[in-house]
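Annotated features, as they stand in TrEMBL:
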- 1-15: compositional bias 'Low complexity' (COMPBIAS)
- 19-33: compositional bias 'Polar residues' (COMPBIAS)
- 83-135: domain 'TRAF-type' (DOMAIN)
- 138-190: domain 'TRAF-type' (DOMAIN)
- 191-248: domain 'TRAF-type' (DOMAIN)
- 289-437: domain 'MATH' (DOMAIN)
- 1-33: region 'Disordered' (REGION)
- 83-135: zinc finger (ZN_FING)
- 138-190: zinc finger (ZN_FING)
- 191-248: zinc finger (ZN_FING)
Amino acid sequence: MSSSARASPRMSSRNSSRKASTTSLATPNGSYRFAPNSSTDSAVQLWIYPDSDLQAEVMNSHVRCKYYKEGCRWVDKLHNLQAHLDVCRYDTVPCPNQCSDVLSRLSLDDHLEFSCLKRIVICEFCNQEFPGDAFDMHVGNCQYEVVWCENKCGAKLERRYLNNHMRNECHKRTIKCPYCSKEFVYETLQTHQYQCPRYPVPCPNRCDPTKIPREEMDIHVQELCPSATVSCQFKHAGCTHKSPRYSMDRHIDENTKSHLQLMCELVQKQQSQITQLCNALYSVTQVTDGTFIWKITDYKQKFIESIYKNTEIVSEPFYSTRFGYKMAASVFLNGNGSGEGKYLSVYIKILQGEYDNILEWPFLLPISFTVFDQNSDSEKRANITESFVPDPTWKHFQKPVKDVDQLGFGYPKFVSNEVMKTRDYIKGDSIILRVKMMIF
Ligand SMILES: [Zn+2]
Ligand SMILES: [Zn+2]
Ligand SMILES: [Zn+2]
Ligand SMILES: [Zn+2]
Ligand SMILES: [Zn+2]
Ligand SMILES: [Zn+2]
Ligand SMILES: [Zn+2]
């Protein structure tokens, strides 16, 4: 305090026995002097005695409030300090509710009203009285407080009704579809159930009082429903009978004969379709690079047939090149013309083709026929080959005007029946022929 510095010289002038080291202390309660006492063991003994003059002077000195730093602007004589501190807004006082807090007067009102654990508060919602600490727990839990529904449905209601509302009444609550067990907001559940795959719906055929999950209805109607109208299983054979599924067995039992007849007709129809398809397949024209290899199977049977019927066997048609001449080979296994009964006859026929208009006529490509010796040792094979250059004057080599079935050009006496029986010309009941052209 500022007063102590001025007091010091006065002290030494009035009482010369005092040591220069003596200090003074001004307190709100009075002024005391301290002096060393040499009669004790300790280094310094203090003597304390009142000095009323000094005290008056000290008490009249101006001081600032000790809460200057906290913001108190009070400045006055020292003897007024205590009175000021009794009311200073920055001085600390214990909470009058004895809550154990010590606070400045400044914050006391706030403390008493809002934070003192021992304050008494009345809840505005339930009107109950609470000590402050219990009230803090009560805030946010008062069952009478009106709150918004947490599902944001827009409803406001006392907290005590909230649970029941959210569980049982709120139209925004989530709820499990009882059929498919997926979760939905309550207000969309009804819309969902118009589509829910597990929602039970009645069979459109009224087959049974029990309802069936929506997703199983198709299978039920198509495969299981006893009341569904079904077609006879011989429908594809031509039976047009339709009846409820439960009576179909009887129809099948009673119509075995007519069903069998329908099946026979179907088989015949399909057989002729197969033949047509085979023919169509046969007529698909091959493209060659000038070499056509022709394997004739079932030789023995076809040979016997040609003895009796003199059958001509014609190969599938082929093109000499991609855009070349269309032609076919033909054979008489037991010969024809001059070779009849003794030789294998081989011919080539020029057919009407797609590109005839851009080809050269007459046909002049040299042609060779070969029958292969099918010996597995290639060294020992003795293939038989004949070749010729077409004569431009022959009708066979002119541009074909229409697809007439005429005999081809070739060798009526190509290989004799005797020679054909030798070596491996016939192997695995097959012979293999080659028609080859010299392509320029
Ligand atoms: Zn103050
Ligand atoms: Zn308190
Ligand atoms: Zn309350
Ligand atoms: Zn709600
Ligand atoms: Zn569902
Ligand atoms: Zn049904
Ligand atoms: Zn039928």
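Cβ atoms here come from the backbone N, Cα and C positions, even for glycine.
Broken down with DSSP, the domain 'TRAF-type' (138-190) shows 17 helix, 12 strand, 24 coil.
Averaged over the domain 'TRAF-type' (138-190), the predicted model has a pLDDT of 93. Shown for the domain 'MATH' (289-437): DSSP residue counts in helix, strand and coil, namely 28 helix, 53 strand, 68 coil.
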